[in-house]
Amino acid sequence: MEDDAPVIYGLEFQARALAAQTAETDAIRFLVGTQSLRYDNQIHVIDFDDENNIINKNILLHHAGEIWQISASPADRNVLATCYNKISDSKVLTCAAVWRIPKELQGGNHESPDDTSSNAQALELLCHLDNTAHGNMACVTWEPLGDGKKLLSLADNYLMIWDLQESSTKSVLSSSVTLEGKGQLRFTSGKWSPHHNCTQVATANDTAIRGWDIRSMRQIYCIENAHGQLVRDLDFNPNKQYYLASCGDDCKVKFWDTRNIHEPVKTLEEHSHWVWSVRYNHSHDQLVLTGSSDSRVILSNMVSISSEPFGHLVDDEDLSDQEDNLQEEKTKEPLQDSVIATYEEHEDSVYAVEWSSADPWLFASLSYDGRLVINRVPRALKYNILL
């Protein structure tokens, strides 16, 4: 069973920001943000034509500065937020803003005329998330199942919830909490849980992971020394409400049950350098992607701690006698966790991996040299999960 070859797209600038266009569930579309100190930065809107295995792109100018993170609105496919650096009074500030893709490019079907981006249009600014009193922005993330009017941002040691008003042209700080403790505490990443009516978020600072209830803005759990070194990224299992994945500079990926935080449920040690990104598949949570500065992307099958530890079970009424026997064998014991594939198309640090929001079997990875690689889950595993 021949697997499709990876599709590679090169940007002319260095890049570390990648997001799937969350609200787009028909077209396979990714957003990539560049990091250039000398030139105008860009967001490349990447459309992947699955049938012909080709990439179409649109380039949008992001005049505000080099892009450190992109987060796509869950409700409006044409709205996104970025964290970016700007120079002010010879100091570097990391800021955040909400943008709209210009109307002419909203369908995603008008390819940019050339690679020079000389005719590229600029993103339309909707509003800034004003962090002048709170320090440098570390990340911005949208309320997962919301109407695209609520955002979480982390800046230094502040956790802030924002409401967007007046067609998203105005941001209002609705609540905030300060991380307090010894030394200079600083958030590095955060994730909004899709469970519990979206009332919980998880944050990372140094080697610790903390859970917060955003109704009371109080800490609800803290995993001290979750990793031996800095925690880089977090992701919630979309189908198991208490399960959380983390990765860090200790080269490890850990899986946690937030009801019992004394030790991880599972630990992966497949990477040989810092792990920057971890992502659960939105539909099949046993599939977990990780990207690392060892320049590799690893796809793991974490079936034993997934929502279907015994595989895909079928109702008894739908089975013949022969199938019944097979099904009995299948249900006797949980399936084994394993590394499915290691992807080595990158030659530089892989800072981001993302699953497509339109096709659960397809994902993208981005390395610092501006190389975007689109890959698929191996067919054999896909059919094994489905059948």
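Sequential numbering from 1, following the chain as shown.
Using the three backbone atoms N, Cα and C, a Cβ is placed for every residue, glycine included.
Swiss-Prot lists 132-172 with the feature repeat 'WD 1'. Within the chain, the repeat 'WD 1' (132-172) has long-range Cβ neighbours (under 8 A, six or more residues past its boundaries) at 22-23, 69, 71-76, 79, 81-83, 93-96, 98, 100, 126, 178-180, 184-194, 198, 201, 203, 205, 212, 214, 217.
Annotated repeat 'WD 2' per Swiss-Prot: 182-222, in sequence order. The average per-residue pLDDT of the prediction over the repeat 'WD 2' (182-222) is 95, rounded to a whole number.
Marked as repeat 'WD 3' by Swiss-Prot: 226-266. Within its own chain, the repeat 'WD 3' (226-266) has Cβ neighbours under 8 Å at 188-191, 193-196, 202-209, 211, 272-280, 282-283, 285, 288, 290, 292, 300, 302, 304-307, 337, counting only residues six or more beyond its boundaries.
For 270-310, the entry in Swiss-Prot reads repeat 'WD 4'.
Under the heading region 'Disordered', Swiss-Prot lists 312-333.
The compositional bias 'Acidic residues' annotation in Swiss-Prot covers 315-326.
The feature repeat 'WD 5' is assigned by Swiss-Prot to 345-385. Beyond its flanks by at least six residues, the repeat 'WD 5' (345-385) meets 1-4, 6-30, 32, 34, 44, 46, 48, 50, 55, 273, 276-279, 281-284, 286-287, 289-293, 295-297, 299, 301, 311-312 of its own chain at Cβ-Cβ distances under 8 Å.
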Given a Cβ distance threshold of under 8 angstroms, which distant residues of the chain, six or more beyond its ends, lie next to the repeat 'WD 4' (270-310)? 229, 232-240, 243, 245-249, 251-253, 255, 330-331, 333-344, 346-355, 357, 360, 363, 365-367, 373, 375, 377, 381, 385
